[in-house]
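Chemist: Here you go, one structure.
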């Protein structure tokens, strides 16, 4: 069976995120490891130890069997626990597990079926991470999805229709909400996603980003970034265009820009990054990023401000880059699709 554009784009996004955050000999904990499908990506990043956690025995066994069948590039262990239901702290302390990176690449949104499940997952993440460690992954971009849905609702009202639509359609996918409603509940907003040329629906929940941030903060995690995948790609296009091209020449144009189909599909997802504070670390928390020559103008501005600060004329709050009104946690996503 041919690999669909959706799967190729998603695999690219995971690979790119791992390339940014992984480093040699790191300890990585993969929540809902899904049969260990990403172990090769972590191996390419030269990590030292991999911990695969899944809620199902089959997921854990499949991950272990896959790892055992491959070249052993790192040590590993596989644990059957539900990150959104079980209490990790006592069990992991007994094992002495502390991770540099905790990732959740494809299941976090289902934890937002209830506040209790989301809270449990984030508390578990915090207990797993070393001070200074990162929690990273990919989730549906609920801002983009909900704004598309609201546009459908508005259009139906303008047409004088009494019923509220329960779906979003494009050439590439159909999103169907279980309940027709015009409000965005913080938890439990379920929907099904079906991509063109795929027979199966995916079940998801919308992730209310402010609630995500609040629960993470209560669990002891600092918000770093939530970014729509189209922006994530554009910000790192110089580095990642060849990588994405390797997943299929039809995904980007000759200049490395996303073609319309790729933009539409990637726009449904966001990366997320949180960090567990390290009280002994200096300087303050920053987002790891790859150098992009297209950002040289901003870097020149920062150097200018740094020179002024060295002269004693600029305070710390004055040296932040100019605010970008097109980006923000309450509305990540394509510029015309923000709350």
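Cβ coordinates are placed from backbone N, Cα and C, and glycine is handled just like the others.
The S-adenosyl-L-methionine binding site feature in Swiss-Prot is assigned to 14, 54, 82, 83. Annotated domain 'mRNA cap 0 methyltransferase' per Swiss-Prot: 1-277, in sequence order, evidence recorded as sequence analysis. The feature region 'Disordered' is assigned by Swiss-Prot to 314-339. Marked as site 'mRNA cap binding' by Swiss-Prot: 41, 269.
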Chemist: Cα-Cα, whole number of Å: residue 54 (S-adenosyl-L-methionine binding site) versus residue 269 (site 'mRNA cap binding')?
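Modeler: Between the alpha carbons of residue 54 (S-adenosyl-L-methionine binding site) and residue 269 (site 'mRNA cap binding') there are 22 Å.
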Chemist: Tell me the coarse DSSP state (helix, strand, coil) of residue 41 (site 'mRNA cap binding').
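Modeler: Assignment for residue 41 (site 'mRNA cap binding') reads helix.
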Chemist: On the 0 to 100 pLDDT scale, where does the domain 'mRNA cap 0 methyltransferase' (1-277) sit on average?
Modeler: 90
Chemist: Please report the DSSP secondary structure of residue 54 (S-adenosyl-L-methionine binding site), reduced to three states.
Modeler: strand
Chemist: Return the residue, from the listed binding-site residues 54, 82, with the maximum count of other C-beta atoms within 10 angstroms of its C-beta.
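Modeler: Sorting the candidates by Cβ neighbours within 10 Å, the top entry is 54.
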Chemist: I'm trying to understand the geometry here, so how far is the Cα atom of residue 14 (S-adenosyl-L-methionine binding site) from the Cα atom of residue 41 (site 'mRNA cap binding'), in Å to the nearest whole number?
Modeler: 8
Chemist: Helix, strand or coil by DSSP: which one applies to residue 14 (S-adenosyl-L-methionine binding site)?
Modeler: helix
Chemist: Give me the CA-CA distance between residue 82 (S-adenosyl-L-methionine binding site) and residue 41 (site 'mRNA cap binding'), in Å, as a whole number.
Modeler: 23
Chemist: Could you give the Cα-Cα distance between residue 83 (S-adenosyl-L-methionine binding site) and residue 269 (site 'mRNA cap binding'), in whole Å?
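Modeler: That separation, Cα to Cα, works out to 21 Å.
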Chemist: Among the recorded positions 14, 41, 83, 269, point out the residue whose Cβ has the most other Cβ atoms within 10 Å, with all shown protein chains included in the count.
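Modeler: Most Cβ neighbours within 10 Å: 83.
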Chemist: Could you give the Cα-Cα distance between residue 41 (site 'mRNA cap binding') and residue 269 (site 'mRNA cap binding'), in whole Å?
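Modeler: On Cα coordinates alone, these residues lie 20 Å apart.
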